[in-house]
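*Asks:* According to Swiss-Prot, the protein has these features:
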type	residues	note
BINDING	Arg191, Ala192, Gly193, Arg194, Thr311, Asn335, Ser523, Arg584	CoA binding site
BINDING	Gly387, Glu388, Pro389, Asp411, Thr412, Trp413, Trp414, Gln415, Thr416, Asp500, Arg515, Arg526	ATP binding site
BINDING	Val537, His539, Ile542	Mg(2+) binding site
MOD_RES	Lys609	N6-acetyllysine
Amino acid sequence: MSQIHKHTIPANIADRCLINPQQYEAMYQQSINVPDTFWGEQGKILDWIKPYQKVKNTSFAPGNVSIKWYEDGTLNLAANCLDRHLQENGDRTAIIWEGDDASQSKHISYKELHRDVCRFANTLLELGIKKGDVVAIYMPMVPEAAVAMLACARIGAVHSVIFGGFSPEAVAGRIIDSNSRLVITSDEGVRAGRSIPLKKNVDDALKNPNVTSVEHVVVLKRTGGKIDWQEGRDLWWHDLVEQASDQHQAEEMNAEDPLFILYTSGSTGKPKGVLHTTGGYLVYAALTFKYVFDYHPGDIYWCTADVGWVTGHSYLLYGPLACGATTLMFEGVPNWPTPARMAQVVDKHQVNILYTAPTAIRALMAEGDKAIEGTDRSSLRILGSVGEPINPEAWEWYWKKIGNEKCPVVDTWWQTETGGFMITPLPGATELKAGSATRPFFGVQPALVDNEGNPLEGATEGSLVITDSWPGQARTLFGDHERFEQTYFSTFKNMYFSGDGARRDEDGYYWITGRVDDVLNVSGHRLGTAEIESALVAHPKIAEAAVVGIPHNIKGQAIYAYVTLNHGEEPSPELYAEVRNWVRKEIGPLATPDVLHWTDSLPKTRSGKIMRRILRKIAAGDTSNLGDTSTLADPGVVEKLLEEKQAIAMPS
């Protein structure tokens with residue numbers, strides 16, 4: 001692997017970077033050798049009401065997984081993201097909002113955002129929301145989504161943000177699991193010129209008889225589109241905040257008080273509510289933001305992620321705002337109405353740091369120079385990538401075309417469960433290799449292990465684990481600590497298992513190779529195969545289903561579903577469309593299968609276990625080495641599947 005061309009650190013970055021190679025080595029060694037000293041010092045990036053004495057109190061031991069950081073300290077997240085900046089930087093822009101329609105944009109100062117958050121915090125209190133209550137937020141990419149999240153944190157309520165692309169069924173499941181007392185939504189969302197029926201989806205979700213906890217729905221008027229209204233339950237955002245005071249004293253929170261729940265797909269069944277707490281999470285989000293993006297005061301920063309994903313929590317809002325940065329929030333999509341939209345937004349707002357996903361980069365790359373037509377992007381200094389491993393071709397295109405061959409690309413590997421960046425370059429400290437996430441961030445101790453959990457040394461490939469805790473780590477799964485332990489700490493004893501595989505080269509750089517469990521990564525979003533299979537099997541005509549991922553040029557992975565129909569049912573183009581729409585309705589558009597492969601039988605072992613390894617190879621057209629098929633109950637099934645595959649048109 002050493003033949004790969006290394007990108008050296010550009011002189012303009014080296015001259016003013018926050019961390020150089022020598023500092024990285026020294027700080028990294030301190031962070032793993034004396035974590036209490038290191039994190040005790042770094043914790044001062046925040047303002048604490050009651051300073052902490054204890055720094056790290058963590059255990060990955062079987063039966064005793066417990067993660068606590070700064071546990072005797074108190075603080076408030078919203079005060080750290082807003083109040084502490086007011087005296088010196090109250091007039092600095094906190095959020096630049098760029099609408100789906102380019103003629104709509106606005107700048108919101110720290111002073112204005114603070115006022116709006118105080119008003120909404122008082123509104124939540126008026127509605128009877130107390131510290132510890134869960135509030136569901138199902139909003140478009142508008143500043144009010146940030147206001148709602150910060151207001152929850154301000155009063156100590158726990159927010160559960162649900163991505164606006166999820167279906168009513170998925171919304172209901174998350175409301176039920178978290179026992180949300182309030183839902184905050186919008187009449188409609190707007191994306192690529194189309195309206196998204198958010199309020200209607202909430203109405204449908206709340207018709208589920210198992211939703212019993214919701215008392216009110218607060219509705220933001222975004223489009224003025226026609227919506228149904230339930231008197232007494234539904235309340236207009238503007239009516240409520242008009243009457244609210246803009247004075248509010250932020251609640252004193254313990255560092256380990258819950259901050260948010262964010263649902264993420266697992267390899268088994270229903271989504272898991274990942275729980276993050278206040279102190280360690282914000283220290284980690286702020287520190288990683290500052291160092292990985294080499295943030296300097298005055299930088300204009302744009303993270304293209306939706307607030308409904310962890311990237312939107314940590315790196316659209318909380319990390320940047322804790323550092324007093326100007327963060328750009330974009331309602332639209334990178335290639336609408338023209339392929340150059342992303343580049344146009346960069347020029348329009350003079351963006352210095354751009355953080356986006358490989359799926360967007362690949363979609364723009366497919367447009368060639370149309371993606372940069374009429375723009376110069378000269379304001380850019382740092383580029384970043386998130387959501388899935390980026391292929392070297394897309395990395396080089398991004399570096400060359402978007403960044404004019406002068407901006408380091410920080411390819412960040414991390415997860416919902418990690419709270420912030422884990423393996424990532426630092427612009428002034430790391431030479432880059434296209435496609436590699438490079439080296440661990442401070443305090444992160446990655447290892448590669450074999451199937452038995454034995455650590456592998458040197459240049460090698462294996463399962464990626466983390467051997468000790470870090471402040472941003474999720475503390476548990478909401479209401480199910482046993483599942484937390486089972487999912488992340490039972491595969492390899494005394495280690496956090498990421499679910500990803502990786503290889504390490506002779507320079508010690510990490511290359512993420514993708515999931516090793518049954519989780520798909522579609523356009524940078526995690527989807528559990530079990531979740532999609534459950535949705536398919538719930539269809540009245542389907543007997544059995546198995547879902548695998550196949551490589552896709554734009555999305556990274558596409559969804560390939562093997563479907564066995566009930567006796568007497570026949571495949572048809574109508575049923576094909578019906579089944580795809582069914583999954584779309586059950587989970588959301590992201591989960592719609594790209595390919596349905598009708599088949600009478602699936603390859604199973606004698607104990608009835610589906611051999612997914614074989615299904616993955618057949619779907620990907622890789623039939624050179626199907627491995628050992630002797631354990632199959634009926635080896636003839638494989639030939640039949642291969643024949644059926646010949647007739648299937650594959651997505652490009």
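Every residue gets a Cβ built from N, Cα and C, even glycine.
Are these features on the surface or tucked inside, and what are their neighbours?
*Replies:* Within its own chain, Gly193 (CoA binding site) has Asp100, Asp101, Trp336, Pro337 as residues 6 or more apart in sequence whose C-beta sits under 8 angstroms from its own. In the three-state DSSP scheme, Gly193 (CoA binding site) is classed as coil.
Within 10 Å of the Cβ of Gly387 (ATP binding site) there are 21 other Cβ atoms, across all protein chains.
Cβ contacts within 10 Å of His539 (Mg(2+) binding site), excluding its own Cβ and spanning all protein chains shown: 18. Secondary structure at His539 (Mg(2+) binding site), taken from DSSP and collapsed to helix, strand or coil, is coil.
Lys609 (N6-acetyllysine) is surrounded by 11 other CB atoms, counting those within 10 A of its CB over all protein chains shown.
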*Asks:* May I ask for the distance between Pro389 (ATP binding site) and Ser523 (CoA binding site), taken between their Cα atoms and rounded to an integer number of Å?
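*Replies:* Between the alpha carbons of Pro389 (ATP binding site) and Ser523 (CoA binding site) there are 11 Å.
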*Asks:* Write down the Cα-Cα distance for Arg515 (ATP binding site) and Ile542 (Mg(2+) binding site), rounded and given in Å.
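*Replies:* Cα of Ile542 (Mg(2+) binding site) to Cα of Arg515 (ATP binding site) measures 27 Å after rounding.
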*Asks:* Can you check what DSSP calls Arg515 (ATP binding site), collapsed to helix, strand or coil?
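*Replies:* Its secondary structure by DSSP: strand.
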*Asks:* Given the binding-site residues Arg194, His539, Arg584, state which is nearest to Lys609 (N6-acetyllysine) when distance is taken between Cα atoms.
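*Replies:* When the Cα distances are compared, His539 comes out closest.
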*Asks:* Compare the C-alpha of Thr412 (ATP binding site) with the C-alpha of each of the binding-site residues Arg194, Thr311, Ser523, His539, and give the closest one.
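*Replies:* Closest recorded candidate to Thr412 (ATP binding site) by Cα: Thr311.
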*Asks:* Determine the C-alpha span of the ATP site listed in the record, that is the greatest distance between any two of Gly387, Glu388, Pro389, Asp411, Thr412, Trp413, Trp414, Gln415, Thr416, Asp500, Arg515, Arg526, in Å to the nearest whole number.
*Replies:* 18
